[in-house]
Amino acid sequence: MSSLPFSSRSSQPSSRLLDSGMVWLVLYFILNLALTLYNKIILSLFQFPFPWTLTAIHTLCGAIGSYLLWSWGIFTPAKLGERENMVMLMFSVLYTINIAISNVSLNLVTVPFHQVVRAMTPVFTIILSVGFLQKSYSGMTYLSLLPVVAGVAFATFGDYDYTAMGFFLTVLGTVLAAIKTVVTNRVQVGRLKLHPLDLLLRMSPLAFCQTLVYSYVTGEMSQVKAFVTTSFSWSLAFALFANGIIAFFLNVVSFTANKKTSALTMTVAGNVKQVLSIILAVIIFKLNITITNAAGILLTLIGGGWYTNVEMAEKAKRDKSSLSNDSLLGTSVSPDEMISVKTQR
């Protein structure tokens, strides 16, 4: 992220902090939880049952926010050719369809069933990474995923009611979520090496237009027009605006965390976030949970911590191996330069 106003070679503590993938992962947790609960409040408290319109607000704020940061010189967009621009178009379609399938499937299955199937995203991420990107994972990584997936199943244990079409669409949405996470990582650390804000700038306007089309085709747009004429309030407008701002920062943090960690780490983080949202929902909305649910929550948190520990240990091992190779080649690498190497990696 050399185009940011701070340098990865800087010796300032704040610069090193912003180069840490763990810091961005924590920010991702906080903003993701905040937006999830905020969305529930808007949909229930303000009785605004229009998910496509809410998504359109998110993508519009992403487009405006990234454009403003570009105009202020915070980052410089990369020069892409026709082929790369086509990749961005296809990525935006994937982003929009992923949301569409998730919204539609949620109406055909119960929330517990939806969450359990979505908890399988890390499994699909591994399959895609191994099959298409030729990545390899240690046995400990595979083992650490088991309590995460099983924990979400126990944490959401309840009424697993679903239709055949709902089951198909939920599984399809989970596969698409894994594909989106892997593609996001490749776009930022692969040949394109796009800045997170650059990716958001290119994707958001396309996703916004596609979301409006979906809203029109499904008939939601006409429902929103009727809602505005009868139930609009400035408090709702402010709540939606604040929701869009949070979504913008979440997108920035999500893309940055994905770039600085890995696709698999992001999907595991999503699972742990799912369970943490259950805990906060129980506290805020005074919901009841069973002993099975509580055991699942604990199991997921333990699994998430185990996976993080395994990932950090293996990353430290890779960094040590890289330093050893540099020493054998007779090159001297300073700690600040090593931070830069880690960031690029």
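Glycine is treated like the rest: Cβ placed from N, Cα and C.
According to TrEMBL, the protein has these features:
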{"type": "DOMAIN", "residues": "24-305", "note": "domain 'Sugar phosphate transporter'"}
{"type": "TRANSMEM", "residues": "21-38", "note": "transmembrane segment"}
{"type": "TRANSMEM", "residues": "50-75", "note": "transmembrane segment"}
{"type": "TRANSMEM", "residues": "87-109", "note": "transmembrane segment"}
{"type": "TRANSMEM", "residues": "115-133", "note": "transmembrane segment"}
{"type": "TRANSMEM", "residues": "140-158", "note": "transmembrane segment"}
{"type": "TRANSMEM", "residues": "164-187", "note": "transmembrane segment"}
{"type": "TRANSMEM", "residues": "199-217", "note": "transmembrane segment"}
{"type": "TRANSMEM", "residues": "232-252", "note": "transmembrane segment"}
{"type": "TRANSMEM", "residues": "264-285", "note": "transmembrane segment"}
{"type": "TRANSMEM", "residues": "291-310", "note": "transmembrane segment"}
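Counting Cβ pairs under 8 Å that are 6 or more residues apart, the transmembrane segment (291-310) and the transmembrane segment (87-109) reach fewer than 3 and are not in contact. Put simply, of 50-75, 87-109, 164-187, 232-252, the stretch with the most CB pairs closer than 8 A to the transmembrane segment (199-217) is 50-75. Looking only at the domain 'Sugar phosphate transporter' (24-305), the predicted model's pLDDT averages out at 80.
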